[in-house]
Amino acid sequence: GMSIAVLGPTFQNLADNVNKNVSDIYYIFVGRSLGYLGGSVLGGVLFDCMNAHLLLALSMLGTTIGLYGIPWCKKSLLLTVLMSVIGGSMGILDTGGNILALNTWGTEAGPHMQALHFSFAVGAFVAPLLAKMALGGSVSKDLPVDEKTNQSILKSVPTASTLSALKRHLGADFLWSYVVIGTCLLFVSFFFFILYSRSSSARDKSKASLQKNVTAKYHYALIFLLFVFFFCYVGAEVTYGSYIFTYAKVFAEMKENEAAALNSLFWGAFAACRGVAICCAACLYPGTLIVLSIIGSSVSSLCLTFFAKYPVSLWAGTAVYGASMATIFPSGISWIEQYTVIQGKSASLFVVGAALGEMCIPAVVGYLQGKFHHIPVIMYTALGTSAMTVILFPVMYKLANSLDESDLKEMSESEDRKALLSNSGLNEDEE
């Protein structure tokens, strides 16, 4: 979470570092996204043939190297390469974290999965604050000219040496924010290396436990439908969070601070509900959490589509929509684990589906909004994706609970054995 979110508040520093304008280095986001997709696919393959602790440790080590190298990067091409490395490492980490949680706790992974994804939200919240602490205080420290402006105009004009000193100081603080995050990852990767050294047979045990599980009759159909489900859900989540600020200013005619508050409300409700879901997952089935989330997102998107002109509806709908979107992804992975075997390749498809939704749906919405200025495309997108999830989940539930002939035969044989045992017990009692 911190590695992803630190890019936003330090984006201007990255552009200055490579002597480019902000608009000229947009391709680093493309590089990171492509790296993330590649890392997700590669991680799904590697986790089926490597120790999970070792692969997670190596992925965090790769992210650490990338974070350490970014502030020293003076070429835009090298910056893009480092961003791709970080994206690939994070794709492996995202896929591996889900797999490790499922392999460790199995069908009881619900609360742990919610805690895992809650930590992403916490990291995304902390990283901008860390960057602000690093960059915000440096300007006031180096430019104490407010008290001296009346003494001399010459003293208030910065010289070349002053500007170079200021640039060096800002660069040092810019470096500090990346080093802190990289050091945290290095520290965690060290513990994963320790876990790997002490659990060499963990992979064999997890493989054996996976082989004991039952594969659903429509395994591949379930994987594909959940891929589409996550594509719609994550795409809608990122789209709303990205465009609600613009919607509030253009369509709701809010002031800039009010629009920013509305945007913060969405992400605040999202993060808070992920924290609450850790406790809820301990007493509710994953399917129940998904149904509640779908109901909340459907009702709130309806209100936002048709009643957003009322301020109360806009604020309440945004809060409910953000809270409803929080638990779907971790609950979906926990839910599918109850019905079929989830290995590395399957888990990587879920992450790839989410990443593709994050890339494609906001881009399409931005294009359509540019074509149709008077139509709130963001709200219709929220309603459309909610309708898709309403359709998809009952279909997945039906397929997941379908039993093939071999399963029915095994159930009938087990019932016959139980009946024979009970009859033999009765005969012994009569004797």
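All residue numbers here begin at 1 and follow the chain in the order shown.
Using the three backbone atoms N, Cα and C, a Cβ is placed for every residue, glycine included.
If you look up TrEMBL, you'll see 410-419 marked as compositional bias 'Basic and acidic residues'.
Feature annotation from TrEMBL assigns compositional bias 'Polar residues' to 421-431.
For 410-431, the entry in TrEMBL reads region 'Disordered'.
Sequence-distant contacts of the transmembrane segment (25-47) (same chain, six or more residues past either end, CB-CB distance under 8 Å): 7, 14-15, 18, 55, 59, 76, 79-81, 83-96, 99, 343-349, 351-352, 355-356, 358-359. Annotation source TrEMBL lists transmembrane segment at 25-47 (among others).
Annotation source TrEMBL lists transmembrane segment at 54-71 (among others).
Taken from TrEMBL, the feature transmembrane segment applies to 77-103 (among others). Sequence-distant neighbours of the transmembrane segment (77-103) (same chain, 6+ residues past either end, Cβ-Cβ under 8 Å): 3-4, 14, 17-18, 25, 27-29, 31-44, 46-47, 52-53, 55-56, 59-60, 62-63, 65-67, 69-70, 109, 112-113, 116, 206, 209-210, 333-334, 337, 342-344, 347-348, 350-351, 355.
Among the features that TrEMBL reports, transmembrane segment is placed at 115-135 (among others).
Annotated transmembrane segment per TrEMBL: 175-197 (among others), in sequence order.
Same-chain neighbours of the transmembrane segment (218-245): 259-260, 262-263, 266-267, 270, 297, 318, 321-322, 325, 328-329, 332, 336, 339-341, 346, 349-350, 352-358, 360-362, 365-366, 369, 378, 381-382, 385-386, 388-389, 392-393, 395-396, 399-400, 402, counting only residues six or more beyond its ends whose CB sits under 8 Å from a CB of the stretch. For 218-245 (among others), the entry in TrEMBL reads transmembrane segment.
What TrEMBL lists as transmembrane segment is 265-284 (among others).
Sequence annotations record features per position, and here TrEMBL assigns transmembrane segment to 289-308 (among others). Under 8 Å from some Cβ of the transmembrane segment (289-308) lie the Cβ atoms of residues 110, 236, 251-252, 277, 280-281, 314, 316-318, 320-321, 323-328, 331-332, 335, 376, 379-380, 382-383, 385-387, 389-390, 393, all in the same chain and six or more residues away from its ends.
Annotated transmembrane segment per TrEMBL: 314-336 (among others), in sequence order. Counting residues 6+ beyond its ends, the transmembrane segment (314-336) has Cβ neighbours under 8 Å at 98, 102, 107, 109-110, 113-114, 116-117, 121, 222-223, 226, 229-230, 233-234, 236-237, 240, 244, 248, 252, 262, 265-274, 277, 280-281, 285-287, 289-290, 292-297, 299-301, 303-304, 307-308, 342, 347, 350, 354, 382, 389, 400 in the same chain.
The transmembrane segment annotation in TrEMBL covers 348-368 (among others). Non-local neighbours of the transmembrane segment (348-368) in the same chain are 33, 36-37, 40-41, 43-45, 91, 94-95, 98, 223, 226-236, 238-239, 242-243, 329, 332-333, 377-378, 381, 385; each lies 6+ residues outside the stretch with a CB under 8 Å from one of its CB atoms.
The list of residues near the transmembrane segment (374-397) in space but at least 6 beyond its ends in sequence, with Cβ under 8 angstroms from a Cβ of it, reads 222, 225-226, 228-229, 232-233, 235-236, 239-240, 243-244, 247, 251, 287, 290-291, 294, 297-298, 301-302, 304-305, 308, 321, 328, 361, 365, 368. The transmembrane segment annotation in TrEMBL covers 374-397 (among others).
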Task: the transmembrane segment (175-197) vs the transmembrane segment (54-71): 3 or more CB pairs under 8 Å - done: yes
